[in-house]
Amino acid sequence: MTAPTAIRRLNAADPDFAHHLDHLLSWESVSDDSVNQRVLDIIKAVRERGDAALVEFTQKFDGLEVASMADLILPRERLELALTRITVAQREALEKAAARVRSYHEKQKQDSWSYTEADGTVLGQKVTPLDRAGLYVPGGKASYPSSVLMNAIPAKVAGVTEVVMVVPTPRGEVNELVLAAACIAGVDRVFTIGGAQAVAALAYGTESVPQVDKVVGPGNIYVATAKRHVFGQVGIDMIAGPSEILVVCDGQTDPDWIAMDLFSQAEHDEDAQAILVSPDAEFLDKVAASIDKLLPTMDRATIIETSINGRGALIHVRDMAQAIEVANRIAPEHLELSVADPQAWLPQIRHAGAIFMGRHTSEALGDYCAGPNHVLPTSGTARFSSPLGVYDFQKRSSIIFCSEAGASELGKTASILARGESLSAHARSAEYRIKDDVKGN
C-alpha cells in the first residue's frame, strides 16, 4: 500500500500563518556561478565566431555530427512534412487550438490613435509591430507544441514580419508535433540549435541566424541565464519560475477533480507548486484522500509526489473572503475559482496570471485550447506582470505635431520650465518658435 502524501496543512487562523505562507512561497532559481560563467563564455564565442561557434556547440551539447550551419536549418517544406507525419486527430487538435488562440489574441490588437487640439496641434500614439521575434522551444521528446502556438501566434497577430524559431534536436530527436505546430502558427524560419548559444545567436545574429528584436519562450537554467544577459540588447518576455496553481474552492466540487487539477501543475517538475484554499476543513480532508487515491495511477507519480510534498499545501481559511485575501497575497500563475458564483468574487481578485472561473473550467483547458495565453507570470510577479500577448510584440511611439500657434503657446511654458532647470538651449529652442507678437521677454 502506498504511503499517504505528506502535503503540508496550514490554517490561516494560526498566529504564525503569514510566516509559514512566506516559507511555502519562497523559491529562488538556482544561482550557480559556474553556469553564469559558462553562459558568458558561450555568448562571447557566438558573438565572435558566429555560425562556427553554433556548429561547435551543437556537436558538443546535442551529440550531433554537423558539417556546417546548413545542417541546422529546417526549410518550410520540412514543417509542412511534419503535418503529414502526425495523426489526423493531432492535426485537427492543433488547428482548433490555433484558431482559438488566434481569435482571442486578435481582440488584443492595439491601433494607433490621435486627437487634434483647438489650435491645430495633433497628439497621438503610433503602434508598430516588432520587425523580428525569436522563439525558443525546448527540444527533444519533452518539448511542448502548445508553447509554439502560444508564443508564435500573438507575434503574427501583432504583425511581426518574421518569427524565427530555435529548437534543439538532441541526438537527432525531432518532435514532429512541434514542427507541425510551427507550420500552423506561421513560423517563418527554424534553426535546430538550442541552449545559451541559440539565445545568443538570436540576440546578436550570425552569418545565418538573423538578429531579432525580442526573445520569448521557456528553457532550462542555461537558457534563462542567457536571456538575462542579452536583455537590453534585445527584449525578453520573462524569466519564468516553476509552474503554479492555486485553487480556491467552497467545498462543493468533486474532490477528485480538485486533486487532478493540483496534479496538472505538479506533474511539470519537482519545483512546481499546487495549493488548495478552502473554508471547508472536511473538504480539505477529502481532497487529501483523493490525492492519495489517484497518485498511484499517474504516469508522473514520482514528480507529482515530490512537488506536492515539497511545495504543495492545503490551506484552511475562515471564509471565502479570507480565501480571496490569501489568493491575492500569493498572486498565482493560475487561479481556479471553483465556487458556485465565481463572477461574484472576480472583482476582488487583484493578482493572478489567469483566472479560471467555475467548477467546470480546469486549468488544463487554458494550457492548450481555451484561447488566452498560457505564458503567465510566476513567483508572485502577477502583482506587476501580465500574460504574454499581442502587446508584447508591438511598441508605441508618441506623435507630436505642433501648429504655428500651438508651438508658440507651448513654447512659453517650455521656456519657463527649461530655464528653471538651467537648460538654456532647451529654452531657446522653444523660444525661437514663439511668435514675435507675443515674445517680449
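Cβ coordinates are placed from backbone N, Cα and C, and glycine is handled just like the others.
Remember, it's a predicted structure, so these values are computed and weren't measured experimentally.
Copied over from Swiss-Prot, here are the features:
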ACT_SITE  Glu333  active site, proton acceptor
ACT_SITE  His334  active site, proton acceptor
BINDING   Tyr136, Gln197, Asn220  NAD(+) binding site
BINDING   Ser243, Gln265, His268, His334, Asp367, Glu421, His426  substrate binding site
BINDING   Gln265, His268, Asp367, His426  Zn(2+) binding site
Discussion item. I need the CA-to-CA distance for Glu333 (active site, proton acceptor) versus Asp367 (substrate binding site), whole Å please.
Written reply: 12
Discussion item. If you pair up every Cα among Tyr136, Gln197, Asn220, the residues annotated as binding NAD(+), what's the maximum separation in angstrom, rounded to an integer?
Written reply: 13
Worksheet, complete the sentence: Near NAD(+): residues not in Tyr136, Gln197, Asn220 with Cβ within 8 Å of the site Cβ centroid are Pro138, Val166, Pro168, Gly194, Gly195, Ala196, Ala198, Val199, Gly219, Tyr222, Val223, Ala226
Worksheet, complete the sentence: Of the binding-site residues Gln265, Asp367, Glu421, His426, the one whose Cα sits nearest to the Cα of Tyr136 (NAD(+) binding site) is Asp367
Response to the item:
Lowest 10 Å Cβ neighbour count of the binding-site residues Asp367, Glu421 is held by Glu421
Worksheet item: So which recorded positions out of Gln197, Asn220, His334 end up within 10 angstroms of Ser243 (substrate binding site), measuring C-alpha to C-alpha?
Response: His334
Worksheet entry | Top Cα neighbour of His426 (substrate binding site) in the set of recorded positions Gln197, Asn220, His334 | Gln197
Worksheet item: Taking the recorded positions one at a time (His268, His334, His426), which has its Cβ surrounded by the most other Cβ atoms within 10 Å?
Response: His334
Practice prompt. With H, G and I counted as helix, E and B as strand and the rest as coil, say where DSSP puts Gln197 (NAD(+) binding site).
Written response: helix
Fill in: Whole-number Å value for how far Asn220 (NAD(+) binding site) lies from His268 (substrate binding site) (Cα to Cα)
13
Worksheet item: Between Gln265 (substrate binding site) and His334 (active site, proton acceptor), what C-alpha distance do you get in Å?
Response: 9
Worksheet item: Between the recorded positions His334, Asp367, Glu421, which lies closest to Gln197 (NAD(+) binding site), Cα to Cα?
Response: Asp367
